[in-house]
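If you check TrEMBL, you get these features:
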- 183-193: compositional bias 'Polar residues' (COMPBIAS)
- 372-385: compositional bias 'Low complexity' (COMPBIAS)
- 391-400: compositional bias 'Polar residues' (COMPBIAS)
- 88-164: domain 'Lipoyl-binding' (DOMAIN)
- 215-291: domain 'Lipoyl-binding' (DOMAIN)
- 333-370: domain 'Peripheral subunit-binding (PSBD)' (DOMAIN)
- 179-212: region 'Disordered' (REGION)
- 372-415: region 'Disordered' (REGION)
Amino acid sequence: MALSRLRHPLIFRAPSLLRARRFLAAGPSNSSALRSLHHVPGVLKQIPDVDASSLRPLNFRLLSGVHVIPSKLQSGVRHFSSVEAPVYAEVGMPALSPTMTHGNIAKWIKKEGDKIQAGDVLCLIETDKATLEFETLEEGFLAKILVPEGTKDVPVGQTIAITVEEADDIQKVPATVGGASEVKNQASSQTDAASGDGAPEASPANISSSELPPHLILDMPALSPTMNQGNIFKWRKKEGDKIEVGDVLCEIETDKATLEHESLEEGFLAKILAPEGSKDVAVGQPIAITVEDENDIEAVRTSISGNNVVKEEKPVRHDVTTEVRTQTTGFNRISPAAKVLITEHGLDASSIPASGPRGTLLKGDVLAALKSGKGSSNNSSAGKATPSPPQVNQQATPTKSLGLKSDGQQKDAYEDLPNSQIRKVIAARLLESKQSTPHLYLSTDVILDSLLSFRKELKEKYDVKVSVNDIVIKVVAATLRNVPEANAYWDDGKGEVVLCDSVDISVAVATEKGLMTPIIRNADQKSISSISAEIKELAGKARAGKLKPNEFQGGTFSISNLGMFPVDRFCAIINPPQAGIIAVGRGNKVVEPVVDADGIEKPAVVNKMSLTLSADHRVFDGKVGGAFVSALSSNFSDIKKLLL
């Protein structure tokens, strides 16, 4: 319906609109005629009530997106005021996932004034799961963007834009529209520190937005679903550098890996708020400021007062000192027997040389001093004449009588080594696993002769070099295919076992920052040579901190191999939510009775390797565990059948 036909009678149609909404709530048969916009509810603007006798029936097209809740309309509902003000629709932050309560505006695809058609992508919204496209179900023009790009934690239902039907109405949208809903840039509002009603907003870096030229504040992004803080590993761009869309600004160490943070805007990097090495920077906390004009860089630098948001964390040395007497001493510790002798004889401990380990004063040292007359400056008779006062004094402050070195002369120093984000997560998950998962341990020894001869044959005949670990991955994957009940996990919500469709093997790789577990997807369907090539590539990425989330998240079973160390056997901890992990020890030569071709049993030297299965007892009962170990031993005894 053209706006020219609606403008004058619109104010008189408002009660019909409300009555129609009440009618829809009471009569569901009519609500089917209305199509839902799947937008977030927006609060209905107040419309003055008038006499119903002056009203005409309302065209139901105006009710597009009506919600059955009497107090709200779906986003996209048009608001009506007077002749001067146009009809407009408010677009709210949508709920793009069942668990979404807030969203971030990653990028606006449409700009103010652009024509929009049904199905056009308005913007990209970063949810708690992924970055998704937000499409419009109405045609018209984007009149006003209330929430700019880069805004964080916009509540679901918050108005983010205004649309109109006619291009001429863009300039007629009142400036006050969306005033209560407009969200300020997250960088200047997330860390509000209101000191009272009407107090100005302040950020941790003392950034006064009013004093800055046009700028954009970059926050610590959430680069993984479980990330709530991160470390600034390295800045790729420096202050003053030109940045383009897609440029890598910095490398961020998350709870999973070190990932690249790309820019979604072009401009110049004016100020770095979180320097390299900054630790535990909260998601959403400002880390940098960018500007569009290179001439504004210096203005940003001079306008920001205070220090950086996050100070670089460095190892801290702690000096531990003890209350000591001021006189010089020649020992650090004293044995109990020596202390008793010194007390009894009233000796000067500082003059007795110590011969014990780490400067410990021993009983023999005191006896030698008594025999030679050393350390007798306080004679024993004086000590015996008034035994109580010295004893009380020595008991009250024992270190004073021990003759330890004074402050500044002897320091027991230690150093705190800051943990990487990955190691913190590993520690928490391992503790959780041992506390909440009932571990079942099953061990077996397998003969490696077949594996070693097969590996040698691949190298000599086909010039294919594979490691023992590559073949172990293939054997374990084939065993999981043979025993599908072992390729499963426990669902706490349902309280039941869930079988996995694919065999995805997580392989533990040691890195400087902690243990990573890159995944070989569909390992049972791949050849040993392809597994070897893939694990080399993934292990290299893991050590360089370049693994992508899909390369280490997931997996149905894990392998931990310490065969390169002098470790015969060990028990690994299950990596939740997986239900099993194989611990691989080193191979050893042992003498065992072997039946030869003639059927005669005789001693022979064989290579054996210990395997220990750690399994979730809720998934692996005795039958499943026994079947898995049996199939595993069978596959190791005849490696070539894996090629079938």
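The backbone N, Cα and C atoms fix where each Cβ goes, and this holds for glycine too.
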Report summary line: The correct DSSP tally for the domain 'Lipoyl-binding' (88-164) reads 0 helix, 39 strand, 38 coil
Report task. Determine the mean pLDDT over the domain 'Lipoyl-binding' (88-164), rounding to the nearest whole number. Result -> 87
Query raised in the report: Would you list the DSSP helix, strand and coil counts for the residues of the domain 'Peripheral subunit-binding (PSBD)' (333-370)?
Result: 24 helix, 4 strand, 10 coil
Report summary line: For the domain 'Lipoyl-binding' (215-291), the DSSP residue counts stand at 0 helix, 40 strand, 37 coil
